[in-house]
Amino acid sequence: MRLNAQLASLLLSSIVLVGSAHGADEEPVAEKKEASSIERPTFVPTTIKAPFVEQFTDKWDSRWSVSHAKKEDAKSDEEWAYVGEWSVEEPTVFKGIEGDKGLVVKNPAAHHAISAKFPKKIDNKGKTLVVQYEVKLQNSLSCGGAYMKLLQENKKLHSEEFSNASPYVIMFGPDRCGATNKVHFIFKHKNPKTGEYEEKHLKAPPAIKVTKLTSLYTLIVNPDQTFQIRIDGEPLKNGTLLEDFTPPVNPPKEIDDEKDTKPADWVDEEKIPDPEAKKPEDWDEDAPFEIVDTEATKPADWLDDEPTTIPDPEAVKPEDWDDEEDGDWIAPTVPNPKCEEGSGCGKWEPPMIRNPAYKGKWSAPLIDNPAYKGVWAPRKIPNPNYFEDKTPSNFEPMGAIGFEIWTMQNDILFDNIYIGHSIEDAEKFKAETYDIKRPIEEAEEEASKPKLSPQIDDETDISFTQDPIGYVRAKIDRFISLAQDDPIAALQAVPEVGGAIGAILASLLIIIGMFGLSSPAPPAKSTGKTAEKTEKEKTTEAVTASGADSGQGEAKKRAAKSG
């Protein structure tokens, strides 16, 4: 216990020293620029034309409609309403272009829905489809969606509020929560035989970009059924609608015949025991697995006459032990220390070793079964539901765009939406918007990082011998400043502080361990009448603790003992 107290005192002194070093002369160790000197261009609306281009300019609310419908959920009896609010505003984090506004999700942990109808329905038959838009995660994204839906053109689209039940043709964009981290690309395909729609999900979609800077998501679907997904202009996924989606667009030509059954004489066994094999004459199935090691010899320091356990020499008979009532007191036993000093105590017996003659149960070796017919499978028949759609890129006509999302983070900003048929125009639109704002945002991000003051610069002239407190404070300040942006880099740049933290944690673990080891051993378990007496005392204590008269409780105790 004295050692524990010393360790605790030493640890406390270390913590106080570190704290005082960091707290003394509190001066700002990091300085941020009061105002950014980075020049930003002023927003100018694009002149690019397409079936749908949106930059959230004036009168945006005449084009977009916020939904307050009830969200349908067949898996739950609860009703969810789209209560999330939307706003069109400039970015509040790393602004790139002056006056450039976007559509912003305003509420965390809420369902949001908003949509805008196209001036004309978009028919993609025989054309290239290009879907492109910016996403800015101003508050990062740990759990939520930022994807869009291109809604199917139909009568309901013009008569009902937008919700999760609104039929869509394409769903595209980032989604992240828990193990999910992907850029969705889902399209609905109409079965030409049944008329039913089925979702086709992209296999192995790319991961999203989690950054507070603007990210640009682009989907290109070509009339040859190939597609490409780009993030920030970089192609990250290429494939084909006919091969890279599940379930596949086209069903198999043939299917298993459900009425076919395996013949009764069908042989499934590929291997059989060799009928001509015979057990060797010297094969002893009864030989034991282990035998006594006849070559083993008793160690010279083996103590034959010493017992393995002895009465605990430190045990003391309890003061209230009554030999007449409780019987003879017997001290508890402990391992004999003499046995631990030598090879062992008591009667010595040679150890067991594996029997070299052991072979176990004999069985014939396996050989190829001459009657084996292979793995049975039902015969194939033509699929009555088979069809072949060679052009799934001829999507159903689309009449609107919608964002229907749930997110734990607010301030997700959408901007510069392009939906059309020209890759060239989409790239020009990117050059006018994303390519201008992204470098500015990167510069803003860099400028916002803490600027180290001279007192914590690596080139400081402070030495530990000259000023121990100042030296420690400088190291801690530098570590904290760097750790705010990159903990790993902080550990690499200032390993002394990381080592000190590790030492403190190790000391805590040692103290906890020593407290555990120094705790008193549990009392020896009473037997016989002692156990009965203990139970009687517990009963008496319970009566006293319950608030009963103390004198009456003592009388009960004496009566129990005399009985």
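Just so you know, glycine gets a Cβ as well, placed from its N, Cα and C.
Alpha-D-glucoside binding, as stated in Swiss-Prot, involves Tyr147, Lys149, Tyr168, Asp175; the candidate among Glu388, Glu396, Glu404 given for that site is Glu404. Between Asn164, Asn238, the residue that has N-linked glycosylation site written against it in Swiss-Prot is Asn238.
For Cys143 (disulfide bond), the same-chain residues 6+ apart in sequence whose C-beta sits under 8 angstroms from its C-beta are Arg176, Cys177, Gly178, Thr407, Met408, Gln409. Long-range neighbours of Asn238 (N-linked glycosylation site) (same chain, six or more residues apart, CB within less than 8 Å of its CB): Thr226, Phe227, Gln228, Ile229. Mean pLDDT for the topological domain 'Cytoplasmic' (518-563) in the predicted structure: 42.
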